[in-house]
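Report on the following structure.
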Amino acid sequence: MAIKIALLGLGTVGSGVLKIIKNNQKKIKQTSGEEIVIKKALVRNPAKHQNLANEVELTTSFDEILHDSEIKIVVELMGGLHPAKEYITAALKAGKNVVTANKDLMATFGSELISLAANQQCDLMYDASVAGGIPILRTLSTSYASDIISEIQGIINGTTNYILSQMSEKGLSYEAALKMAQQLGFAEADPTNDVTGKDAAYKIVILSKFAFGTKIGINDFTIEGINNLQDFDIRQASRMGYVIKLIGIAKNIAGKLFVEVAPCLLPENAIMAHIKNELNALQIKSQSLGTAIFTGPGAGSSATANSVMSDVIAETSNFVKQINGRPFSNFSRIMKLTSSEDVKYPYYLSFEAEETLFALSKLLSKLEIPIREIKRIDKKTVVVTEDISRRQLQDLAIQDSYLRANYKILQ
């Protein structure tokens, strides 16, 4: 008996799923226990997909899919919050299992949809929603099931990593690097979610739930992108032996959860400093396994489609065994978020040169900010601090109008 599925969306990822099923059917059947067949695909304009019309039935009606009793799994690849949420909700209520690669949706409405899936005894899997080419959510829910994670951090947005790589290695301006990323298809025509850090924030919300069992929202923590990053700071970081990366962090600090997305300085000999262009990397620190690093493509049709298919195969296997309805991750607990005094890191600070070194040193001393290094370069002042709290940094920003950039230094 073939398991029939439907795709909601037939863009690059949907086409990748179609290709994988076509080329790897023998292994898929051996792994899942049944042949998997794409019966229908929901598209806005069938004329644009006529080259695939012989491989899958195209439809513009979601109701056709919803009321087709042969379809057991719905794969949502549309993106965005609406109508994706309504379609997934309807599919689950109709008793269909669901796979999605939609990070925005799962970070925003994940708890509601997970609860609905459990009530309906349906599977809802979303491994492809974070770091498409790295099976990180499944790894967290299985390989780390008995381990205690203390920190997860990483490069989880390929667009910004590509831009930063071009700025640091080729000396391109932010604008030129962004334009190149768009020309190569690594950045959307409207890159706002990527460059402001919002895309990475959605992903760290999902990762925090899997790593720490705690539900948070993107309004619960600081999000800073790369859109205000200056060429000067890229160059100066390099001179000092660092590389700037956009990093998402979720960390247990004395029983409280610290979460943030922001540009950070990494030592140039750190493994993640060498993760370039559109690649992603995640570093997990845990009680039993110590430090482990996972790398791979963060997006792209093949990488994301492979993660989607892993979920489809898992749900098919569950269907064959009649065990659908188990949560993707059972781990759940309540953790309070850290205060601005709880989190301490060394910082890279840069100031406009109008301020004298004497006046700046005096202010830093008053705020009990210990100085590791201070120097004037290119008509600007650069300071590297020892560990300071976010509260101290906030006080400095209030009292010193010349502060123009501040980035954590990760060891």
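Including glycine, each Cβ sits where the backbone N, Cα and C put it.
In this structure, LYS203 (active site, proton donor) is part of a helix by DSSP. The active site, proton donor feature in TrEMBL is assigned to LYS203.
The annotation NADPH binding site is assigned in TrEMBL to LYS103. A simple way to gauge crowding: the CB of LYS103 (NADPH binding site) has 25 other CB atoms within 10 angstroms, across all the protein chains here.
Taken from TrEMBL, the feature L-homoserine binding site covers GLU188. Same-chain residues at least 6 positions away in sequence with a Cβ under 8 Å from that of GLU188 (L-homoserine binding site) are, in sequence order, THR159, GLN182, ASP194. Under the DSSP three-state reduction, GLU188 (L-homoserine binding site) is assigned to coil, being neither helix nor strand.
Mean pLDDT for the domain 'Aspartate/homoserine dehydrogenase NAD-binding' (9-126) in the predicted structure: 96. Feature annotation from TrEMBL assigns domain 'Aspartate/homoserine dehydrogenase NAD-binding' to 9-126.
Among the features that TrEMBL reports, domain 'Homoserine dehydrogenase catalytic' is placed at 135-313.
The distance from the Cα of LYS203 (active site, proton donor) to the Cα of LYS103 (NADPH binding site) comes to 6 Å.
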